[in-house]
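Notes follow once the structure below has been shown.
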Amino acid sequence: MSQATLRLLDKADKEILKLPRAVKGAIYDFQHRFRQDPENPGLRFKQLKGHPRLYSARVNLDYRALLLHAGGNDYILVAVRPRQEVYDNLDKFAYQINPVTGGIEFLDLLTIEKVVPPDPGPDPDPRPGPAPRPEPAPLFAGYAAGTLLELGVAEPLLGLIMKITTEDELLGLAAYAPQLTGEVLLALHDGKTVEEVLDQVTTPVKAEDEIDADDYQSALSRPATAVTTKDAALQEILEDDFGRWRVFLHPTQRKIVERSYRGPARVSGGPGTGKTIVALHRVRHLVERLGPGERTDVLLTTFNKNLAADLRHRLLALAGPDILRRVDIVNIDRLASDIVTPTEAGAGRRWIDDTKAVVQWQELLDELGQRRWDAEFLHDEWSQVILGQGVTTRAGYFRARRAGRGRPITREDRAAIWQLAERYVMRLDDKGLWTIRQVAERAARIEAERARDTAAYLADQVSSAKVQRESGIWHRPRYRHIVVDEAQDLSAAHWRLLRAMVPEGPDDLFIAGDTHQRIYSHQVSLGSLGINIRGRSSRLTLSYRTTHEILRAAAGLLGTEEWDDLDDGRDDLTGYRSVLHGPEPVYTGYPTWAAELDGIAAQVRAWGGGSIAVCVPARRMVGEVERWLGQAGIESCAIDGDGPKKPDSPVHVGTMHRFKGLEYQRMIIAGVADGLLPAGRVLDHAAEDPLRYRRELRQARSLLFVAATRARDSVAISWHGRKSRFLP
Ligand SMILES: Nc1ncnc2c1ncn2[C@@H]1O[C@H](COP(=O)(O)OP(=O)(O)OP(=O)(O)O)[C@@H](O)[C@H]1O
């Protein structure tokens, strides 16, 4: 008896999922038995005629597994097919090592010919009559075979590709072809030039080593060969449709996850490109690389509480409880408050969020009869410039950088603002309040001091009498690695806090985020905060969530604004694409809010099911939608700071801000009206400050962009009165 390794090739899993339940069960048993002993006579394991590397084995009476021999005792499960189909169509199977990616590809021409019929051949019954209508021109007739191959298209498919004449046939082929072939053809069909496709689609997945077309063993270890090896992983796939991402990363994603970086690294990319998935895999990779241990060496943090809960849930599913034990998963404000609460300054305080902090500013301005600056401006100035940069003195504020803050202010203005800020802080102290910005700033200061002490202790353990007395635990760095998701919305104080919690060095910080999705006004320059990501940035461009149609419409909502790269450079959505297709977004205007509410109920009813969400620009509208749907007999629940109140409810309703990081099958974006998005009040305040005005507009566009890209299949956008200036 000899044991074998059996891996599952990417894409084979998708087809296996479509098989009847009983067959899936048989596959699970089969792969287990095959690993134990491929020679087991019950498996009828044999090589297929004309295919030196291709074998078949019995799954049950009617189904056969197709296995590719990689060498030694290594086999790859590439397909499961009805028994007769296998033996009648031996000439329809092909496999290769892709000469561009170096990944293993299996091609089943029989399945693909069902969507792209091969040449129908001569008409069997030619009768005289009117001349036949000319055939439509093949979509890829203008491309030389050599060009397509250079882009990474699978050679055995070239003949069929040249016969594609409709978009439906193209989509059908893309569904069964190797990933890169599908992506290249769809990008060309979208009008991208060969150079653009080479640059955006092919080059990122090109093999880094030399490719030997016969060395399947080496090919197995390349990122482009997405295979799973463990029984448990296969079982997950068989049981769970959403299990795919747990095992199969796109080669570009895998490279980013497994690379070693000499310092902080950043991954960007449009919505749904898998940044969160990459962050989760990165955490698992880092913990596995640390080896066995008990300590929580890794911090995984994100913007808010319910995203942190979601990360915990997903990391458990991906990596299991042993890895989870080694990771602290906490949202950034909670991280800060856990540091500050036990301290003297933090004891007995009540935390207030940004909205309440602005109300406190307003009350102060009313008491003082001050009208020179509005409450929002002062709140931003105080939290971003003063607290953000850890400014503690008036003189320090005179010197502080105000990049990206809007109109310049004079020395005299700074003096007056500083005085107001002091009064504001005193007012909060009197009331026993602390804003979350103060908490973040204080936490950053505590951790920076701790980091300095630790560095001094490690540099010179003998010279400091004080540190000698203290236990070594205090002098251990908080974390070995920190992974951050939704990074675009963290403030300067948050970054200073994180910088202080992990010593500078290889793989210290891994940062995932998309500045196009920034919906709070924290623009930072990581370089100026001691986090140098230069030369260690990667970008993901393939969306796994959103369809091509939604993605195109959503990108249009961003207008011609410019976006930063979390540093002093620019970011854009070049190459952002999807191979998924679905209906175009629907836009509907109504005369009144009541009519729009009726429209929302009608749309929910028309969709009939799936996961549906309604998002609106203002908080008061959430309750109104909920009530209206209730009266129409549709159950719904609101999403608050802790997530959906009743997650199983068929419809979730929330403000656009609440949808950050979430995903639904269908989205209604309602109330996209003039005066609501962008909010008239906010624009009025910003009217005298062109830079601030621009920032508010950009933020409102981002909000709409985030909302639209939560949808997997369908989006309906509506308004009442005049539509928002952002809509086409
Ligand atoms: N390699 C992959 N194969 C299959 N599905 C994937 C893959 N990578 C990501 N996905 C799926 O795509 C969806 C979006 O992934 P994820 O949430 O990580 O994207 P994101 O870039 O963080 O999105 P956003 O910026 O909008 O929050 C998820 O449903 C995820 O499971």
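Glycine is no exception: its Cβ is also placed from the backbone N, Cα and C atoms.
Pulled from TrEMBL:
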- G269, G270, P271, G272, T273, G274, K275, T276: ATP binding site (BINDING)
- 117-137: compositional bias 'Pro residues' (COMPBIAS)
- 248-554: domain 'UvrD-like helicase ATP-binding' (DOMAIN)
- 115-137: region 'Disordered' (REGION)
Other than G269, G270, P271, G272, T273, G274, K275, T276, the chain contributes near ATP (Cβ within 8 Å of their centroid) the residues D514, L540, S543, Y544, R545
Counting across all protein chains, other CB atoms within 10 angstroms of the CB of T273 (ATP binding site) number 28
For the domain 'UvrD-like helicase ATP-binding' (248-554), the averaged pLDDT of the predicted model is 88
Per DSSP (helix/strand/coil reduction), G269 (ATP binding site) sits in strand
For G274 (ATP binding site), the number of neighbouring Cβ atoms whose distance to its own Cβ is within 10 Å equals 23
Reading the DSSP string in three states, the entry for T276 (ATP binding site) is helix
